[in-house]
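Everything below concerns the one structure shown next.
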Number of protein chains: 4
Amino acid sequence: MGKQNINTIGVMTSGGDAPGMNAALRAVVRASIYNGLNCKGIRLGYQGLIEDNIFSMGPRSVSNIINRGGTILKTARSKEFTTKEGRKKAYENLKKNGIDALVVIGGDGSFTGAKIFSEEHDVKVIGIPGTIDNDIFGTDFTIGYDTALNTVINAIDKIRDTAQSHNRVFFVEVMGRDAGFIALNSGIACGAQDILIPERKDKIEEMFDSMERGRKTGKLSSIIVVAEGEELGGVYDLAKFTKIKYPDYDIRVTVLGHIQRGGDPSCADRVLASRLGIAAVEGLLQGKTRVMAGVRSNKIVFTPIEEAIQKHNEIDQELIKVSDILAR
Amino acid sequence: MGKQNINTIGVMTSGGDAPGMNAALRAVVRASIYNGLNCKGIRLGYQGLIEDNIFSMGPRSVSNIINRGGTILKTARSKEFTTKEGRKKAYENLKKNGIDALVVIGGDGSFTGAKIFSEEHDVKVIGIPGTIDNDIFGTDFTIGYDTALNTVINAIDKIRDTAQSHNRVFFVEVMGRDAGFIALNSGIACGAQDILIPERKDKIEEMFDSMERGRKTGKLSSIIVVAEGEELGGVYDLAKFTKIKYPDYDIRVTVLGHIQRGGDPSCADRVLASRLGIAAVEGLLQGKTRVMAGVRSNKIVFTPIEEAIQKHNEIDQELIKVSDILAR
Amino acid sequence: MGKQNINTIGVMTSGGDAPGMNAALRAVVRASIYNGLNCKGIRLGYQGLIEDNIFSMGPRSVSNIINRGGTILKTARSKEFTTKEGRKKAYENLKKNGIDALVVIGGDGSFTGAKIFSEEHDVKVIGIPGTIDNDIFGTDFTIGYDTALNTVINAIDKIRDTAQSHNRVFFVEVMGRDAGFIALNSGIACGAQDILIPERKDKIEEMFDSMERGRKTGKLSSIIVVAEGEELGGVYDLAKFTKIKYPDYDIRVTVLGHIQRGGDPSCADRVLASRLGIAAVEGLLQGKTRVMAGVRSNKIVFTPIEEAIQKHNEIDQELIKVSDILAR
Amino acid sequence: MGKQNINTIGVMTSGGDAPGMNAALRAVVRASIYNGLNCKGIRLGYQGLIEDNIFSMGPRSVSNIINRGGTILKTARSKEFTTKEGRKKAYENLKKNGIDALVVIGGDGSFTGAKIFSEEHDVKVIGIPGTIDNDIFGTDFTIGYDTALNTVINAIDKIRDTAQSHNRVFFVEVMGRDAGFIALNSGIACGAQDILIPERKDKIEEMFDSMERGRKTGKLSSIIVVAEGEELGGVYDLAKFTKIKYPDYDIRVTVLGHIQRGGDPSCADRVLASRLGIAAVEGLLQGKTRVMAGVRSNKIVFTPIEEAIQKHNEIDQELIKVSDILAR
């Protein structure tokens, strides 16, 4: 029996998948082994816990996954786990498999589940933030966010080729229902003429102003990046309004969609995931529970999982100013 | 004055842009210089000819563009050129600029314009097939097609990461309004469960059969690739019908859109474009006109531009069988 | 028992690995199943056959490999197989595993082994050309070649960024000990100032001439692509001689090395591999043996394996001219 | 005349090029214009200043460069600038062009030049850290570092394909003569069996221990990442020693070389460069001089340029432990 009475760690990925989840899983497995513990993988998130979809993992079971997108444990959303009965089944399977502590790699929905489960059944649990949206409090970056940014800019770079060739205006919708991190950073990185995000209550007139400013300096084509959660009515409506205002513009719309969730993880995401996977195991061994492992100012920090769920990272006002200054 | 009384060649890109157009342009310019001719670039296609948007090009004006998507000459569709008056203006600018022969890099719409213009004003003209759709008769491959295929499979590879992580069914719409080349080849390359193309009058039942066949062998996620021109009602309707038939499937739709037109050209497209650009200039010097330069069985061939417009490459039946055999 | 008394097909990858080998393997497995046959995988090439490293493959055992570089069957060179005793052991394992026919995915070394083995023990065998070098007679393209070309040009595009920023001359060595296909095509695609290949007996003076020609038109940086098999003394000597001739040049050398063998296969390679894998199985069922499946003018063809070994694809003289014309 | 008596800002890139330098340049130009200043570009670093290779830049002169590697201003090392006479010439050209303050994008060599120049001639100067090596004190990240990391891991991922296919051991040399940041992070991200960096005085026995540990858990192939500045004798010697110790290992060496300097900048690098470019201009307007703009804990900070030159970022010991734990 290891320190803190932990002998076996269970690990799952839950909620939406994100590039780097496999790297985090690998780190959890290898850090467990390094610390003399057993590690068991739980497939398909909480639903797999309920259905006893659980298996032992050794060092080689996570070979050659650090560079793969998605998650080899798969992920799912589980209605049953939102019920008391479901969580009871999950707990019984935890005991049956000798799992003493749980590492949950996912987003805030998954952490809410972890928190309730942990309180109800006194299960030790640590969360690892895995989501492309970067909208989790307690860490400067979530796993998958950096990769998604690079996927988005590579896509917009391609769109820019065709925008320039035709002197077109492109509205590009990127992910981020509640948070504009992807839109703001990718928009700056692609030289967007304007960036519409939920955190900034733009008026459509400001977008038109920006477009006219660009036009005056000789800009012939432009890209407007729109977060899916912005509130002016969606990317197609924006295009429509713009066409009414500027009938001579050649306007196109592209919704990037699910390509943003996949792809080989970037170096930053692989390293972040590796660090957080180890930190989660070491946190459990130090007696931590109901916390999330994160990175702030490049240091590992643990945040109460409740706080991680309730609070939100705020958009950096400096970046908004950067985007304004550069859209000339 | 060069052979065939050609002293100055004009070159334009026209219609939809395609990766590799810059490489073709570079080859036209350098082959002109190599043969002791002048070369003039015409911006924005036929519209630029009408508006006298024409400039001299030397060897350095095409430096460092071979690896760039889009077209530095830009492209446009011109309503005015569809009128007799417009073409007259275009012809006058041709004369004014001393252009003796025209190279048009574009698709069949652009070739139709070239043909009429050439007949009306006795202008020497050669076409180079530049379009991602590969739907032009007289060449095994069009410039941009290979790049678009790689862009599509890279996108679907990313989608596959998330499809697998969630055991999902994805309907992915790719370009190809009249031709299923992109869908068929990318579908095979991504291991699609089914591929819906305009050339094959599928019944939706066959798609369901294929999905059930995959399921029986244990397939948990799958990708259906759909050409935008298929005739079952569009990718969203397909998803809807499938959801009705299989309510337990977790179904998602992605429309790849304009990212397919951009991006750095692949090696094959750069080499193809380089060859065709040279061939066009040499064809003109050999007295050819109203033809399209293409590659068949890896040899340069010239096809009457009329034939290139009217006939169509047929989908290879072997490939359709390949897709059926592999979707197990 | 199937047609031609074939019930079970064995498949291996042999020699150097190439991107697309997995796609070919997948096609062999699924085409076998489609035709009612069993399929067994042999690990580590002929050595695995000798060591009975053989296992049954079903449709799911090749899931999600079509997009992966390398080979899940692994590959090796086997000294033992070059001996009569080794081949006898191999044959016994073939019989023991009920394998009636063999598909060998590899290069000419592997095909030579297959030929001898087949003659000695009357084993049915079909080869599939898998090598990045494109140096196998009987097919227009080998599996892996197109991917390697794209890997090479992406690397050289990066080198070009730094070459231009510093006004430097770069000598870049690419693979191709006996054949200049990679060098010639990637050199054209990257706008190389000169391309040195084994097939062309360049004199170093011609290289200097080309460099001076570029300089005269204002070229400040340049790339010289060198096939590893060229005969002027290797990339480092070339750089040294150039430095002696032009002491003011800022010269750098890069050897691309093994990155050229890996990477996710391109669309063209995945489709080619899929076609050839199916063709090999169907060829065996039609009674073919001691042949290689290839593609010529986009049609499946079978070439006697002896011919595939002895003859060689010749470098296209048109391409050499293309490279000369464009290096202005 | 603007605030702080600054009317015109001069900007140059100096030393080794790095991806993101163009994005920084674009930000300097546009931030100058935003603040009502003029901006002049200086080509080829200090040498261009000496040779009066200086031109005015407007908002469109930096269009469509944010996504390009290298530097459109080009860069060079200048012997003349190391002399008093050279710097006097440079100063005269500065005055002649009406440049009131200088932004130098480069590494510590360039900053040393800036410091001496600034002291000698009372020139206002701010540095922006642009180098892939991440070895500059006063910023958490240098411009180009994140891109280089992704370039390295993409290359090693390819090498891994072939390493696995052959059960090989690969020694991969990456850049970083004085600093192991690239090696350590890319090594973690690629699951390297061992990572040799200048900061850690490894003994070769420890490397052998690590290799044996991996072997015992069933690892058949492995990657050893080596920083070019490590002190065991270079990557070729390491391979040789290893071959002596383990004659049965199939060992290969790859030196990644100059591909690490090029390529389209990553999202993180484009955003970092954009922020620092603006910060440099605003810093000058606030009266700052002889400082470097950097980012620490995601906030803009200014560090005396002397400190930036003399001090060094230290390798994070946590990361070294991460690499040890994960190499199982």
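Using N, Cα and C of the backbone, Cβ positions are placed for all residues, glycine too.
Site annotation for ADP in TrEMBL covers A:Arg26, A:Ala27, A:Val28, A:Val29, A:Arg30, A:Lys219, A:Leu220, A:Ser221, and the matching candidate from A:Arg77, A:Arg87, A:Arg160 is A:Arg160. For the substrate site, TrEMBL lists A:Thr131, A:Ile132, A:Asp133, A:Arg168, A:Met175, A:Gly176, A:Arg177, A:Arg252, A:His258, A:Ile259, A:Gln260, A:Arg261; matching the candidates A:Glu199, A:Glu228, A:Glu230 against that entry yields A:Glu228.
Residues A:Arg77, A:Ser78, A:Gly107, A:Asp108, A:Gly109, A:Ser110 are recorded by TrEMBL as ATP binders, and the candidate that the same record lists for that site, out of A:Gly16, A:Gly20, A:Gly36, is A:Gly16.
Remark: of the binding-site residues A:Arg26, A:Arg30, A:Arg77, A:Arg177, the most isolated position is A:Arg177 (fewest other Cβ atoms within 10 Å of its Cβ).
For the pair A:Val28 (ADP binding site) and A:Gly107 (ATP binding site), the Cα-Cα distance reads 17 Å. Other than A:Gly16, A:Arg77, A:Ser78, A:Gly107, A:Asp108, A:Gly109, A:Ser110, the residues of this chain whose Cβ falls within 8 Å of the Cβ centroid of the ATP site are, in sequence order, A:Ser14, A:Gly15, A:Gly45, A:Gly106, A:Phe111, A:Thr112, A:Gly113. By a Cβ separation below 8 angstroms, chain B lies close to none of the binding-site residues A:Arg26, A:Arg30, A:Gly107, A:Lys219, A:Ser221. For the binding-site residues A:Val28, A:Met175, A:Ile259, the largest tally of other C-beta atoms within 10 A is found at A:Val28.
Comparing C-alpha positions, A:Asp133 (substrate binding site) sits nearest to A:Gly107 among the binding-site residues A:Ser78, A:Gly107, A:Ser110, A:Lys219.
Put simply, of the binding-site residues A:Arg77, A:Gly107, A:Asp108, A:Gly109, A:Ser221, the one whose Cα is nearest the Cα of A:Thr131 (substrate binding site) is A:Gly107. The Cβ neighbour count for A:Arg261 (substrate binding site), using a 10 Å radius over every protein chain in view, is 26. Within 10 Å of the C-beta of A:Asp108 (ATP binding site) there are 22 other C-beta atoms, taking all protein chains into account. The shortest Cα-Cα distance between A:Ser78 (ATP binding site) and any of the binding-site residues A:Arg26, A:Arg30, A:Ile259, A:Arg261 is the one to A:Arg261.
Highest local Cβ density among the binding-site residues A:Ser78, A:Ser110, A:Thr131, A:Ser221 belongs to A:Ser110, counted as other Cβ atoms within 10 Å over all protein chains shown.
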